[in-house]
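So that you can see what the record holds, here are the features copied from TrEMBL:
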type     : residues : note
DOMAIN   : 24-163   : domain 'Putative restriction endonuclease'
REGION   : 163-230  : region 'Disordered'
COMPBIAS : 175-193  : compositional bias 'Low complexity'
COMPBIAS : 220-230  : compositional bias 'Gly residues'
Amino acid sequence: METTTIGQPAAVQAPASPRRIRLADYEAWIEDGSIEEGAPIELFEGRIVRKRAKVRRHSRASVHARRAIERVLPAGWHLGAELPVRMPASEGLPEPDLSVTRGTVDDYKVRDPGPADVALVVEIADTSLAEDRRRAAVYLAEGYPAYWIIHVRDRRLEVFRRSRRPGPSPRRTRPSSFWTGSSSTESPSPTCSRATDGAGTFVVGAAPRRQPLSPARGTGPRGGHGPLAP
């Protein structure tokens, strides 16, 4: 996700000195038209940031990642692209490159999904790697269970997961390669797999590129109600 910090939208009367913007105010500006639909901005940690234009390699990586994740999604979940997710504790309404969310997009006509609804957030990083890594801790602190960064330039995946053990620090796994392309000119394509853990939780994860893309024995949501935990 490429972003640049900016002030408040022109249609909104900005105060004389910078201040932290509340999520409720930002959502109200969207509803009353002060922020135009489709405006290339988002709210993160109480600041409005501008989203930069996507380069071709970013767009290709997003398409391939989406195809791979969609192949292992069970019923009752959908994959969205640049859809807003709520971060009430830190005052944010970011629009991640990809997100796996419970239900269908029509379930969120009157509200945007939050940590209890979203199983996975994915960002495609080209020149924004440092910022995307910084955001990982914010997402996990909000309660989002998993956060992926796809490194476009070095063709690697970095996975962050919220620790189930007590403590303030989220757990970050070591980056692991998941590209099928053999050269930097080929479009990357992640390999994903799915399984159910002992508690019946549906799991989707990134697998090494030589691992076949197939569900593990006995996989699938039990009644479609368990959380999808990458």
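Glycine residues also receive a Cβ, built from the backbone N, Cα and C atoms like all the rest.
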Review point. What are the helix, strand and coil residue counts for the domain 'Putative restriction endonuclease' (24-163) according to DSSP?
Key: 41 helix, 42 strand, 57 coil
Study note, to complete from the structure: On the domain 'Putative restriction endonuclease' (24-163), the mean of the pLDDT values is 92
